[in-house]
Each structure stands twice: as structure tokens, then as C-alpha cells.
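Structure first, then comments.
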Amino acid sequence: MKKTFSQSMAWLHTWSGLIFGWILFAIFLTGSLSVFDREISQWMQPESAASQVPATTAVDRAADYLRNNHPDAPSWLIVPPSDRSATMLAYWQEGQEFPHVALDPATGKVAKRDTDGGHFFVHFHYQLHAGTIGTWIVGGVGLMMLIGLLSGIVIHKRIFKDFFTFRPRAGAQRSWLDAHNALGVLTLPFLLMITFSGLAIFAFMYLPSPVKLLYGDSLEDSEEFFHEARPHVDLEPTDQSAALLPLGGFVERTQQAFGTEQIWYISVDHPGDENAVVSLEPLYGEQLTLSNQLIQFRGITGELLQKGMPFQPATHTQRVLTGLHFAQFGGAVTHWLYFISGLVGTAMIATGLLLFSVKRRRQIVLDSDVSTGFLNVVDRLNVAAIAGPILACLAYLWANRLLPPGLAERPAWEIGAFFAVWALSLIHALWRPARRAWLEQFTAAALLSLLLPLLNMLTSSQHLLVTLPAGRWRLAAVDLTVLALGLACVWLLRRLGMERQRTAVSGSAAPVWELADS
């Protein structure tokens, strides 16, 4: 019975890992990049890097922009500059959507180089740039990731012992299995936490039945639930016009109330109405909980409506899990730990995908009657699923530097470059033999990575020769990380070449990229 259960778990782990691993790689890669979304946004808007504008001044300029361009919007939201990024975002409501624009904090005008910046990686990470449907897809894939982790623990009885065993020359299948096990065990606590907490963020969306059972199905019932879960003041508009007080004053009062300079956001409900409500939250700082420091004012009179009302226990639990996932606590050390752990998890997914091919290619060598058609397709999809997202992310950064700064719908063009290059990666992988596709796409990734800092130097004033001497490490880190990726690709290409030569000399079993050349 025990053997049967283990075999069942092995089947589940193998096939769920293959099918969902193709999209999980991209989700984990963009999730890792999302840790530094603000730094990436700053790199993608170098013109605002030198701006040193207080949040009080910046939000007033953003309010002027929204007042002049979107006076009838039901609500506004402003993300002011912070110590991680000098860029500023202004959102306004249009139905159920919240379009936004990047503003120059120094002038309050639309930034010279409008872009979604690192926020695109955040949005792709949890919704695949596909709205609500994408959020449901990511939730389903996340659930399968959790199942894959648990089934992997079951089937690898010696998983912790094997963590200390890596045999790169023990044959393709053994080497990939060792790498998969080692990477999985190294980040197992992180992977369990990040997957479960990611599901917890949208728990009310994925599991709506309890809320509907207790509160009802209507929109008003849902609003009642969320109001009880997180108490806040929500006034009805009176349709009587009134002048909104300067938002900078509310920022000052929030800074004094919570003893912090950094403001996460400031929102205005019913701007220009007598019942306008201004809500602010400071950045999380060192706390794990995703902020219970909401403070609200009447926008017309400045009257304090509420400050830091405590969460209900269930809400507090959910917000702690959300805070764990967002990694806004602990400063730069925590951010780098999350980033590196995320990349290791991404590599674990990649080795699992390759292991599937290696293991079954070995079976084909032993049994010539086994069809290779399905595995040829898997090999090519693996190329597009692993090399494709890497190339797409690099293309997104290249587009930011190559597109004219004043181009209309510029963020859409950058995002279009991301998906276009990923699509080209798939077409190329289906067209070329798998081994050649691996080599050519990782060669392209190496070139794009190594040349991006040079392109940055030619198109921006915020390049390594400036940022390193000035100690602007957050900006320099983007260029340095891309360089590290390029060097990693060069190392991988060299290893592929050495492995091919070793295989030819020794006559041993060929690696996956060689066997797949059919």
C-alpha cells in the first residue's frame, strides 16, 4: 500500500510538474523580479533619478495633475516617491479599472519616459497580464505548485540526504535529479511559505462560499464583509462641490502620527465633493503585517475620521501572510534573500522540466519502440518556457531604452515587446532542433544581458560610470544584476559545449540538449 501511494505521488509530481511548470517558471521569474519592482521602475525612468522632492510637495503636484485631467473620477490614488524610487504614480478610477500614469515629482507633469516599470512584473506575476481570468489561472497553478512540493517530499525519501550529494558527471539523469533535489531542499521552507501565502492573498476570491453564505451574494453584502474585516470610513457623496485641501498637509499629519517619513499611498474618494475622504498609509517599515496604520480625514475640513483601527483576528492573519509574501520588511537583506531564493526556486522548476525529458530519453535509448514525437514537442516547449521568459524580460528593458521617450502609449509598446519576443522564442523553438534552439536562445540572452549596460550608457545619464561613484547602489544593482545574468549565460553555454565534447570523446549518455537534436 505504501509503495502504491508513493507511485501515485510520483505520477502526480511528474505530470503536474511538467504541465504547470511551463507557466510556473515565468511566474516565479517575474515574482523574483517583483521584489525589486521599485528599483526597476527607477532604472526605467532615469530622468527622475536625480529628483529629490519631498512627498508633501510631490503629492500636491500629483493632485493638480489629477484635478486638471480627471476631475470627475470617483477616486484618485497617488504613490509618492520613496527612498527606493524617485518615481511617482497617479491612478484614477474608470468604472472597475484604475489607469495610471507616471509623473515627474519635480514638475507634476507626465514623466518624459512613461512606463509601467517594475510594476509590470508584479502584475504579470499574479495575473499574467490577463486581468481576473489571469488571477484565477495563477491561483490554480499556485495550488498545483503546492501539491507538487508536498508530493515531492513524499516521493524523495532521502531528499535531505541527497541535498548534500551532487554528481555533475554521474550521467544526465542523475545529475539533473541531484540538481533538482538540492535546489528544492535548499529553498523548501521558502517555497512552501511563498506559495501558500500567495494563495492566501486572494483567499476571499478563490473561496467565496463562506462569505456568500454568511453575508449574501450582492455587491453590498461583499462590501459589508470587507468593511467588517478592515474597518474604515466610507462616506456617500453629496453631489455638492467643495474645494479639496492640499494633500501635502495630510501627508505631514500622517508622518507626525506614525513617526515615519515614507508614505505608501494617499487616496481620495469623491474628490471635489463635500464628503471627500482622504486615506493614507505609511510604508510598512520593519513590521511583518501588511499595515494596519490606515488614517483617514475629511478632505474638505481636515477632520480626523479614524486612525489605525485594529484588524479582526482573521484579517490580521491574512495580512501577516500577505506581508510575508510582499517582503516589505527587513530592508535590503530580506529583499536580496527573497530575490535569490526566488531565483533558486525558478532554477528548481527548470531542472524539473529538463529532468522529465532526460529520464524519458533514456527510456527511448533502452527501448527503440518508444515514440519520440511527444518528447520532441516537450523539448521544444521547454526551450520556450525557460529561455523565452528570460529573453522577454530582457526585451522589455531593451524596449525601454530604444523606444522614443515621447512615444504615445509607450507602456503598451514595452509590454508588447515582452510578449512579442516570448512568442518569437516559441516559434524559434518549434522551428529549430531543440539543441540548437537552446544554444541560440541562451546566446541571445547572453548578448542582450551583457550589452544592456552599454545601451544604458548610450541612452541615459544614470549608468554604471555615474551610479557607482555616486553610491546609487539601487540603480547600479539593476545593471550589475543584468551583467551577472549575462555571465551566467556565458558559463552555461561553455558548460554545454564542454559537455558535448566530453560526450563525444567518452561515448557516454548524451545530455538532454544533445538527445533532443532530432
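In case you wondered, yes, glycine gets a Cβ from its N, Cα and C as well.
Remote same-chain partners of the transmembrane segment (12-36), defined as residues 6 or more beyond its termini with a Cβ less than 8 Å from a stretch Cβ, comprise 118, 121-122, 124-125, 128, 137-138, 141-142, 144-145, 147-148, 151-152, 155, 194, 327, 335, 338-339, 342-343, 345-346, 349-350, 352-353, 356, 378, 381-382, 385-386, 388-390, 393, 477-478. If you look up TrEMBL, you'll see 12-36 (among others) marked as transmembrane segment.
Taken from TrEMBL, the feature transmembrane segment covers 133-155 (among others). Outside the transmembrane segment (133-155), and at least 6 residues removed from its termini, the chain residues within Cβ reach (under 8 Å) are 5-6, 9-10, 12-13, 16-17, 20, 23-24, 27, 125-127, 184, 188, 191-192, 195-196, 198-199, 202, 205-206.
The transmembrane segment annotation in TrEMBL covers 183-207 (among others).
Sequence annotations record features per position, and here TrEMBL assigns transmembrane segment to 336-356 (among others).
Annotation comment: TrEMBL describes 377-399 (among others) as transmembrane segment.
The transmembrane segment annotation in TrEMBL covers 411-431 (among others). Counting only same-chain residues 6+ beyond the ends of the transmembrane segment (411-431), those with a CB under 8 A from a CB of the stretch are 114-116, 120, 129, 380-381, 383-384, 387-389, 391-396, 398-400, 403, 437, 440-441.
If you look up TrEMBL, you'll see 438-455 (among others) marked as transmembrane segment. For the transmembrane segment (438-455), same-chain residues at least 6 beyond its ends with a Cβ under 8 Å from one of its own Cβ atoms are 383, 387-388, 390-391, 394-395, 397-398, 401-402, 425, 428-429, 432, 463-464, 479, 482-483, 485-487, 489-490, 492-493, 496, 513.
Counting same-chain residues at least six beyond the ends of the transmembrane segment (475-493), those with a Cβ under 8 angstroms from any Cβ of the stretch are 36, 39-40, 42-43, 46, 49, 390, 394, 397, 439, 442-443, 445-450, 452-453, 456, 462-464, 467-468. Feature annotation from TrEMBL assigns transmembrane segment to 475-493 (among others).
With a threshold of 8 Å between CB atoms, the same-chain residues lying at least 6 positions outside the transmembrane segment (377-399) that come near it are 18, 21-23, 25-26, 29-30, 33, 43-44, 120-121, 350, 353-354, 356-357, 413-415, 417-422, 425-426, 429-430, 434, 437-438, 441-442, 444-445, 448-449, 452, 455, 482, 485, 512, 516.
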